[in-house]
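Q: Below are the structure tokens for one structure; questions will follow.
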Amino acid sequence: MDKFLIKMPIKPKNNETPEQKPMVKKETPKAAAKQSNKNTPIQAKEKENAQENDTPKQGRAGRSAKPAAKRKNLDTFEVNKEKNTAESENPPKRRSGRLTRSTRSMAEEGTPSPEKVKPEKLPFIKYRGAIKYFTENQDIAASADDVMQWVDKQTDVDVVPMAFDMEWPFSFQTGPGKSSVIQICVDEKCCYVYQLTNLKKLPAALVALINHPKVRLHGVNIKADFRKLQRDFPEVSADALIEKCVDLGVWCNEICETGGRWSLERLANFIAKKAMDKSKKVRMSKWHVIPLDENQLMYAAIDVYIGQVIYRDLEQREKQKLINELQFKEQNGEAAFKAVKGLGETFLSKINEVTL
């Protein structure tokens with residue numbers, strides 16, 4: 001009930017007077033501030049100067065900046081040296097390049113392909129052989145017949161390798177044009193360039209040459225060339241040519257036990273230790289225009305010439321590899337051969353003995 005009681009003031013008696021406490025006026029902060037601000041003009045000026053020296057300067061956004069004496073000079077030699085040391089010890093992470101379906105390796109698992117390594121400076125290929133260039137149907141047929149007769153005379157071998165390549169114009173507006181040039185090489189001393197612009201149909205002698213049972217056509221990504229040739233000239237059967245052709249990139253992966261997809265230029269770097277002048281101006285030139293100029297003819301000839309050189313080199317490596325593997329098995333046994341093979345040995349060079 002106490003909370004409902006109201007305390008009433010007690011009235012003093014008639015004879016008693018209430019004691020009055022002295023009134024003390026409390027100073028509020030504002031009043032104190034006003035009182036402290038009352039200075040003479042000289043004192044106010046001195047106070048302003050002192051505040052300018054003690055308070056930091058204001059930045060653009062009103063933020064107080066650090067005193068100039070305490071600011072660290074980021075351009076000094078010591079700071080740059082510390083930054084370089086820190087970056088070398090902990091290099092910044094880079095976003096890895098994302099592989100797309102077109103750039104992803106289509107080869108089987110194996111040692112990473114040396115084509116991904118930046119090639120060293122190599123001497124450019126110099127072709128000094130003959131270039132036989134034909135544009136008319138009857139001339140192309142006669143030349144193909146001569147090559148076929150030369151193939152028939154190679155009685156000491158079962159297979160005659162022939163480098164094969166094609167060229168055609170390309171436009172970013174209309175895409176690839178019709179197959180315009182076929183170049184072949186059966187001997188490193190002579191290359192044949194056949195321009196197909198005036199041909200509605202391939203000569204029968206040329207079709208017979210590329211389908212000769214003794215001829216082994218080879219190149220880089222050669223299967224795609226055969227499919228395009230069949231689209232442009234239906235008298236050619238791409239499937240029959242694909243069955244007996246050799247893709248130099250795939251063959252290199254089998255022999256050297258590398259991986260990945262190869263270009264002719266990178267394959268020339270790795271196998272032949274030569275550089276190719278793949279000028280975009282020549283590569284994207286008008287291959288359908290007659291006649292071809294000297295740069296175009298040399299470009300076409302070098303493509304099949306270096307292809308023939310690479311084939312011969314891989315052929316020798318394959319033979320030597322088989323010999324080394326056979327000798328190792330005879331000396332160390334099948335179990336040791338499998339163990340060493342599992343460690344990544346390619347047997348491209350001879351191994352005399354092994355300790356397991």
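Cβ atoms here come from the backbone N, Cα and C positions, even for glycine.
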Q: Among ASP293, ASP303, which residue does Swiss-Prot annotate as binding Mg(2+) 1 at the site that also has ASP165, GLU167?
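A: Candidate in the recorded Mg(2+) 1 site: ASP303.
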Q: I want the residues beyond ASP165, GLU167, ASP303 whose C-beta is within 8 angstroms of the mean position of the Mg(2+) 1 site's C-beta atoms, in chain order.
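A: What remains near the Cβ centre is MET166, VAL181, GLN183, TYR299, ALA300, VAL304.
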Q: Looking only at C-alpha atoms, tell me how far ASP303 (Mg(2+) 1 binding site) is from ASP165 (Mg(2+) 2 binding site), rounded to the nearest Å.
A: 7
Q: Within the domain '3'-5' exonuclease' (155-316) only, compute the mean pLDDT.
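A: In the predicted model, the domain '3'-5' exonuclease' (155-316) has a mean pLDDT of 96.
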